[in-house]
Amino acid sequence: MNKKNLLSFNQNALNDFFVGLGEKPYRTKQIMQWIYKDHEFDFEKMLNFSKSLRDELSKVVCVELLRVVKQNFILDGVIKWVLALDKNNHIEMIYIPEKNRGTLCISSQVGCGLACTFCSTGMQGFNKNLTTAEIIAQVLIASRYLNSKTKRISNVVFMGMGEPLLNEHAVYNACDLLLDDLAFGLSRRKVTISTSGVVPAMLRMSERTPVSLAVSLHASDDHLRNELVPINQKYSLEELLKACKVYLQAGTQKRHILFEYVMLKGVNDSIEHANKLVKLLKGISAKINLIPFNSFEKTQYQTSSAQTIEKFQNILYHQGIRTMTRRTRGEDIGGACGQLAGKVLDKTKRTYDRRH
């Protein structure tokens with residue numbers, strides 16, 4: 001009998017589960033305390049449950065994390081974990097500490113099927129969607145370790161391996177737990193889903209979860225974005241920006257969208273590109289994150305110079321667009337933006353296509 005992993009259950013699902021066992025719904029609060037606050041996963045040690053309930057839980061459900069294959073550290077506090085789903089598939093996550101916050105960057109898929117040309121994950125191909133349990137296991141592994149070091153996770157971003165909006169059900173259930181005070185208790189502004197532009201899912205997102213939205217933009221016209229972000233061939237910039245406006249109008253609180261823009265030398269970093277970007281985002285509550293390109297094996301791209309990035313940023317800033325340049329961290333352990341690769345049994349055969 002395959003046991004269900006309780007990490008896949010949000011609060012409502014846990015209520016239904018316990019009622020199905022003939023228990024009162026208050027058991028949900030008790031077990032969430034054990035799992036998410038006390039980091040206790042052994043039912044036999046949950047002594048506010050009767051022996052018969054502990055035995056029943058052991059028969060039908062489990063609490064299983066992922067196996068930590070490797071944990072890398074660098075001097076400025078960045079940590080990268082490599083986690084095994086099975087012998088063929090590994091995922092990666094990154095913890096980035098800053099003065100007033102600690103951000104955990106987690107994965108939503110094994111590999112990625114979107115093939116963005118500047119991204120190491122996209123070059124690996126795709127194997128599978130992660131389950132809610134596999135997503136939440138990442139956060140539990142990190143929080144359990146960081147708590148022992150008196151560090152904290154204040155922000156969670158779906159910016160690791162995979163396209164979150166091609167795994168909606170699991171990602172939204174995970175967001176329920178990230179926001180739930182009985183689990184991780186993060187605010188909606190502290191959880192961010194980053195998409196390359198899966199427009200139908202973007203239109204559904206506001207109906208399902210109130211978390212923040214980031215868009216991997218990287219170009220200011222369809223011709224260039226078709227090349228850099230191939231999903232643009234299916235959903236154009238016009239469609240993408242319409243979906244962004246729907247998201248902004250749906251919230252009861254004032255929102256903005258974070259647009260991510262990787263800086264590629266001689267590709268998308270000219271003054272003309274900056275001016276076109278200003279025009280493109282006119283009328284949208286936007287914040288732009290300029291990302292120096294992080295190199296990986298066999299890439300055709302180089303990063304823009306610091307002077308070019310500064311000039312680009314100044315153009316946006318003087319046109320009233322909030323703009324920041326991401327500090328590159330974790331590059332020496334393959335943990336910088338666009339470098340997460342893990343280990344993927346590629347079902348798309350993209351790695352084969354690149355070799356032949």
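Glycine is no exception: its Cβ is also placed from the backbone N, Cα and C atoms.
Glu92 (active site, proton acceptor) falls within a strand segment according to DSSP. Around the Cβ of Glu92 (active site, proton acceptor), 26 further Cβ atoms fall within 10 Å across all displayed protein chains. Among the features that Swiss-Prot reports, active site, proton acceptor is placed at Glu92.
What Swiss-Prot records for Cys337 is active site, S-methylcysteine intermediate, and it gives sequence analysis as the kind of evidence.
According to DSSP, Cys112 ([4Fe-4S] cluster binding site) is assigned to coil rather than to any helix or strand. Cβ environment of Cys112 ([4Fe-4S] cluster binding site): Cys119, Thr121, Gly122, Gln124, Gly125, Phe126, Met161, Gly162, Glu163 lie under 8 Å away, each six or more residues apart in the same chain. What Swiss-Prot lists as [4Fe-4S] cluster binding site is Cys112, Cys116, Cys119.
DSSP gives Ser194 (S-adenosyl-L-methionine binding site) a strand state. The Cβ of Ser194 (S-adenosyl-L-methionine binding site) lies under 8 Å from the Cβ of Val157, Phe158, Met159, Pro164, Leu213, Ala214, Val215, Ser216, Leu258, Glu260, each on the same chain and at least six residues away in sequence. Annotation comment: Swiss-Prot describes Gly162, Glu163, Ser194, Ser216, Leu217, His218, Asn294 as S-adenosyl-L-methionine binding site, evidence class sequence analysis.
Residues or ranges marked as disulfide bond in Swiss-Prot (evidence: sequence analysis): Cys105-Cys337.
Annotated domain 'Radical SAM core' per Swiss-Prot: 98-327, in sequence order, evidence recorded as sequence analysis.
A 10 Å cutoff on Cβ-Cβ distances gives Cys105 (disulfide bond) a total of 25 other Cβ atoms nearby, all chains included. For the binding-site residues Ser216, Asn294, the ranking by surrounding Cβ atoms (within 10 Å, all protein chains) places Ser216 first. Confidence in the domain 'Radical SAM core' (98-327), given as mean pLDDT, stands at 94. Sequence-distant neighbours of His218 (S-adenosyl-L-methionine binding site): residues of the same chain at least 6 apart with a C-beta under 8 Å from its C-beta are Cys116, Phe118, Arg225, Leu228, Val229, Glu260, Tyr261, Val262, Asn268.
Counting only the Cα atoms, the space from Cys105 (disulfide bond) to Glu92 (active site, proton acceptor) is about 9 angstrom. Here the binding residues for S-adenosyl-L-methionine are Gly162, Glu163, Ser194, Ser216, Leu217, His218, Asn294. Their largest Cα to Cα distance works out to 19 Å.
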